Amino acid sequence: MSNRLLISNVTIVNDTDLPFKGDVFIANGRIMKVGNELFDQAEQYIDGKGKDWLLFPGYIDMHIHGSAGSDVMDATEQALHQMSRSLVQEGVTGFLATTMTQATDTIEQALKTIAQFENDGDEATLLGVHVEGPYVSPKRAGAQPVDYMILPSIEQFAYWQQLSHNRIKQITVAPELEGGIAFIKALHKQGVIVSIGHSDATFEEVDRAVAVGVRQATHLYNQMRPFHHRNPGVVGGVLLENAVKVEIIADFVHCHPMSIQLAYRLKGAAGIILITDAMRAKGLQYGNYDLGGQTVHVTASGAHLPNGALAGSILTMEQAVKNMKAVTNCSLSELVAMSSANAAQQLQLRSKGRIAAGFDADVILLDQQLNVEKTICRGKVVFEKS
Ligand SMILES: [Zn+2]
């Protein structure tokens with residue numbers, strides 16, 4: 001047997017139990033044992049003695065468009081490899097390649113590329129597709145081009161699912177659009193995560209949509225009808241609905257730190273999913289970049305369209321986790337819930353999001369400041385901080 005890795009003397013953190021000091025034995029991409037003083041023979045050893053390292057399940061980013069110069073909508077295998085390779089540097093071991101509102105054939109080209117795509121051994125795993133738009137509201141467009149927004153279609157989606165070889169796991173939709181409720185019902189039945197987003201729905205419309213299957217909210221606060229005390233909107237709705245987990249872009253650009261604190265108080269860690277919504281400029285220098293045919297100006301204050309609208313982020317999951325800790329002072333276990341376990345649960349991935357025997361060996365070593373020291377994908381060390 002080859003590819004055995006023994007990690008010892010690290011603090012093992014899961015979402016549901018107290019962190020504990022221990023060892024993890026990995027073979028052939030799987031976690032075989034978690035315990036104390038394991039002495040299994042391995043080809044590779046990582047000893048955390050004297051280093052105070054934490055071991056987390058690898059981060060899962062359910063909403064990311066691009067990084068390192070590449071974008072999902074480039075619709076090339078090379079772009080997907082580039083993204084998958086770059087993401088391991090920030091502790092991401094799995095992600096949903098996220099499409100955006102574009103012409104139908106452009107979306108279809110991206111789906112076809114993903115259908116054929118297979119990751120190399122040194123990459124984060126492309127876990128599926130998050131289709132963001134085109135079934136969204138022009139009233140809450142943000143950086144999604146209004147010209148390509150259309151009404152939800154169960155038939156068109158079925159064709160897209162087929163094109164993608166059943167890799168579409170999540171869709172962002174505005175339920176108030178004509179046909180929205182029937183669409184949500186059908187997709188929920190198919191096991192696709194239906195996420196309310198880019199939506200101008202009222203509280204009552206949110207309530208109806210959740211009753212038929214909405215289970216997530218796309219980038220909370222951003223591009224959704226805001227809270228008003230006489231009209232609680234999408235924000236009020238998704239904060240109150242227990243069945244809905246909310247995505248948060250914790251970069252302090254897309255939400256004020258205290259808005260993040262508000263969500264944490266209302267939803268708890270079990271109701272929050274940290275995402276980046278990153279675009280291709282992540283990891284590159286400030287300057288001008290393309291997002292779906294629009295020029296995006298990237299500076300220290302974020303990624304903006306010429307009209308000033310936010311156009312995705314350049315946030316890393318590593319920074320999102322640090323920011324969440326800084327603003328809420330939440331526990332390490334709660335950080336694991338928000339950065340990995342909740343996403344795995346939404347995606348019904350029964351072998352990810354947890355450090356336990358039988359689970360995939362997607363784990364990351366962090367220092368006490370939550371800097372990523374090493375990333376291990378499917379049992380292979382794919383990133384080490386220099
Ligand atoms: Zn997005």
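From the backbone N, Cα and C atoms, a Cβ is placed for every residue, glycine too.
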According to TrEMBL, GLU132, HIS219 bind Zn(2+); so which of HIS198, HIS228, HIS229 is the extra one listed there?
HIS198
Rounded distance in angstrom between the Cα atoms of ASP277 (active site, proton donor/acceptor) and HIS219 (Zn(2+) binding site)
8
The number of other Cβ atoms within 10 Å of the Cβ of GLU132 (Zn(2+) binding site), counted over all protein chains shown, is 26
By Cβ count within 10 Å, point out the most packed of the binding-site residues listed: HIS198, HIS219.
HIS198
With the Cβ atom as the reference point and anything under 6 Å counting, tell me which of the recorded positions (GLU132, HIS198, ASP277) are near ligand 1.
GLU132, ASP277
